[in-house]
Amino acid sequence: MAADVSVTHRPPLSPKSGAEVEAGDAAERRAPEEELPPLDPEEIRKRLEHTERQFRNRRKILIRGLPGDVTNQEVHDLLSDYELKYCFVDKYKGTAFVTLLNGEQAEAAINAFHQSRLRERELSVQLQPTDALLCVANLPPSLTQQQFEELVRPFGSLERCFLVYSERTGQSKGYGFAEYMKKDSAARAKSDLLGKPLGPRTLYVHWTDAGQLTPALLHSRCLCVDRLPPGFNDVDALCRALSAVHSPTFCQLACGQDGQLKGFAVLEYETAEMAEEAQQQADGLSLGGSHLRVSFCAPGPPGRSMLAALIAAQATALNRGKGLLPEPNILQLLNNLGPSASLQLLLNPLLHGSAGGKQGLLGAPPAMPLLNGPALSTALLQLALQTQGQKKPGILGDSPLGALQPGAQPANPLLGELPAGGGLPPELPPRRGKPPPLLPSVLGPAGGDREALGLGPPAAQLTPPPAPVGLRGSGLRGPLSHFYSGSPTSYFTSGLQAGLKQSHLSKAIGSSPLGSGEGLLGLSPGPNGHSHLLKVRAGGGDMQGWEAPAPQRPLTRPALPSVSRPHWAARNAALPTCCPRPSPAQKAAMWASTPRASAATTRTPT
């Protein structure tokens, strides 16, 4: 495990103007971001050995040319001298995927069984190609091996993980490699680490072809120069500043598709050693009042390809956390909101900003172009206050009565004002020109009559809903007001009345359901003051002497006739004519002629 390296920061030095830059002056003018102390030879050797060991630790091999009926046990017997961690045999393709203990066993198995024969078939043994190798660049030079492992380990199981060090100084070159067991883990790591800030730097992550990566290609020949002066576009001056030791073969400033400068440049040298020397001399160099930061790019691609990759990576890092669609402007947000919400949003800084010192969602009022004039501000303020003073709509939305003019509203409310307890008012006064409420007569007797019949206390009277066409009397034939039908209050009233009617009609079938004006079917009452509907007898007795049945014998509501003629007339027409009542003389004669055998049988001798 690599040891921790202390970091010292040197303050930036002011550049000398109007003089030629000499070698000694250039060294004094350098202000690198991190000045690392020199390492002892033993520490350098340990770091280089760890990097080489991890680089060669490819323990997965691929065996081709196996017979079609080969079994898993035969592959185990073939590699019996090695320690197998995983083995999968594909009989259809004649291949086997094997994971050994380490890279040394994999190299030994390749040397032993490559181009050997199994059942007269030649085998091909090689390292498995991998597509889960990442190169993480632009790391801080002081980052240790342990810290790098902690950075990349949360995304999945690691196969290899190592930093690349300088062979001369043993210091980190600012990039490392991480190979995962699965490709989806590597893809997740690339997505999360790309553009992630780590200290003063922003990480760049690239896919790497493990087959083309050799020990010599671990060291990069390209340098990335950032922290250029604002608006710097002199490529020749940059090349001269970085050509003090070796001249680059490629030097270009980064520009976007719109021609805007990106603030960094990429240089490529002939060898990795030249690039390392140029980096050590140019890191922290003053140019145009800014101290350059020179770091190594990911190894492998040439300078031109690396420049395009860094431009794309920078764009991805800048768009990190943003959606696919562009951010809407203020006018689009206000158009999507309603007038009340827009006014409240605009005037929130004016109403609450002065008291608490807080700004609204859109910032301070002076920054809003819609509130420039004082007259407009005053008008918007008055309109906002009026909007806040308005009554909020209910659950069912705005009431239809709100759209009526004051003169068109009814004199009395539909249900009256509910008391604090939540109950209904005991009685509503009738309106002028309207019939009296019919709901109590439909629900049965009220007041003392209900208590006498055992029906419980009287229910609260309500204004009835409009009666159907077939049940309307002469007093309800006029058209109803438009606010009696269709409003949320009328829906509530009709539903409540229907429930009360259903519950009370089952108890009050013996009482008159009719009012004093006329019958339920439009018939006038009889001569005795009762409706024809009450002439039906129950059990041979009059309905006027009927008592409430016991609770265990519920009564059902009798079906109403469908014609205006009372149904008792048809029934009485079918009854036979009764005999005349006998006179008292006839009764006495009949009594005298009746034998009295019971008198003789009841007497006993004395």
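Placement of Cβ uses the backbone N, Cα and C atoms for every residue, glycine included.
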Scan SER474, SER506, SER511 for the residue that Swiss-Prot records as phosphoserine. SER474
In Swiss-Prot, the phosphoserine annotation, restricted to SER6, SER80, SER157, SER185, falls on SER6
DSSP-derived helix, strand and coil totals, residue by residue, for the domain 'RRM 3' (221-299): 18 helix, 27 strand, 34 coil
Excluding the flanking five residues on each side, which residues at least 6 beyond the ends of the motif 'Nuclear localization signal' (45-60) place their CB within less than 8 Å of a CB in that stretch? 2, 39, 85, 97-107, 127-128, 130, 145, 159-165, 167, 170, 177, 210, 213, 215, 218
Please work out the helix, strand and coil residue numbers for the motif 'Nuclear localization signal' (45-60) from the DSSP assignment. 11 helix, 1 strand, 4 coil
Per DSSP, what is the helix/strand/coil residue tally across the domain 'RRM 2' (132-210)? 23 helix, 30 strand, 26 coil
